[in-house]
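Please find one structure pasted underneath; my questions will follow.
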């Protein structure tokens with residue numbers, strides 16, 4: 001499979017490029033970045049000290065024309081622009097971008113009617129195993145336990161709560177028959193009164209170079225259960241994304257997530 005990488009000069013983009021170059025069965029076909037990026041025109045493997053013959057470009061049409069699939073961990077507005085071109089050219093996409101609003105998510109769903117799309121807030125195998133653990137725990141602890149989700153990321157992350165934290169909330173809410181949109185609490189300040197027993201709380205930490213920490217707490221009387229996942233490197237995200245791209249090889253269309261990719265459904 002021929003893979004192109006969006007956000008090629010960013011931290012995640014570089015990790016994805018390195019992973020594609022080191023993975024059998026896939027080839028690097030393109031490297032995309034925004035107009036004006038300092039890396040435009042450079043070889044995509046320059047940061048590795050390795051010539052690839054692929055120049056970083058801002059021409060989405062040219063980049064996608066040479067590829068079978070685009071892996072995109074950028075920002076919602078950029079991803080949606082790339083998606084429109086991918087849909088028109090019939091190219092698949094693996095999307096790890098977070099922070100989409102309802103209209104953005106609908107655009108992804110609409111595109112998936114004609115191209116294969118893997119969309120997941122977190123591509124890590126470990127995080128997706130954690131989702132399954134949370135589903136089991138939530139069903140067992142649905143009564144008498146308060147549910148709180150705490151997440152921490154580096155100072156540069158622009159959306160909050162993280163997409164992974166929200167996905168964890170969705171898993172828990174679905175398991176206990178609640179609607180996250182109705183029961184989520186994202187901020188507490190001042191005199192808040194007693195905690196609503198049916199709420200799912202979120203707390204966000206931003207600082208330093210934290211790659212990604214997530215903990216779901218089930219707090220009861222006399223005991224507390226915590227299920228945590230801590231990332232020390234973006235490598236797990238990159239490995240999962242490339243695995244997702246390979247999964248799409250025989251999928252002409254459809255919306256998938258990492259649970260599909262990993263066979264956990």
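Glycine is treated like the rest: Cβ placed from N, Cα and C.
Below are the features listed in Swiss-Prot for this protein:
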{"type": "ACT_SITE", "residues": "153", "note": "active site, proton donor/acceptor"}
{"type": "ACT_SITE", "residues": "157", "note": "active site, proton donor"}
{"type": "BINDING", "residues": "7, 8, 9, 10, 11, 12, 33, 96, 97, 98, 120, 121, 122, 123", "note": "NAD(+) binding site"}
{"type": "BINDING", "residues": "154, 163, 164", "note": "(S)-2,3,4,5-tetrahydrodipicolinate binding site"}
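Context for these features, please: burial, neighbours, distances.
Annotation for residue 153 (active site, proton donor/acceptor): same-chain Cβ neighbours under 8 Å, separated by at least 6 residues, are 162, 205, 206, 210, 211, 212, 213. In three-state terms derived from DSSP, residue 153 (active site, proton donor/acceptor) belongs to an extended strand segment.
Over all protein chains present, the Cβ of residue 157 (active site, proton donor) has 16 other Cβ atoms lying within 10 Å.
Under the three-state DSSP scheme, residue 33 (NAD(+) binding site) falls in the coil class. Within 10 Å of the C-beta of residue 33 (NAD(+) binding site) we count 24 further C-beta atoms, all protein chains included.
The Cβ neighbour count for residue 164 ((S)-2,3,4,5-tetrahydrodipicolinate binding site), using a 10 Å radius and every protein chain shown, is 24. Secondary structure from DSSP puts residue 164 ((S)-2,3,4,5-tetrahydrodipicolinate binding site) in a helix.
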Using all protein chains shown, find which of the binding-site residues 7, 163 scores highest when you count other CB atoms within 10 A of its CB.
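Neighbour-count leader: 7.
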At its widest, how many Å does the recorded NAD(+) site span between Cα atoms of 7, 8, 9, 10, 11, 12, 33, 96, 97, 98, 120, 121, 122, 123?
22
Mind telling me which of the binding-site residues 9, 97, 122 has the densest Cβ neighbourhood, counting other Cβ atoms within 10 Å?
122
Give the distance between the Cα atoms of residue 157 (active site, proton donor) and residue 164 ((S)-2,3,4,5-tetrahydrodipicolinate binding site), rounded to the nearest whole Å.
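Roughly 13 Å, rounded to the nearest whole number.
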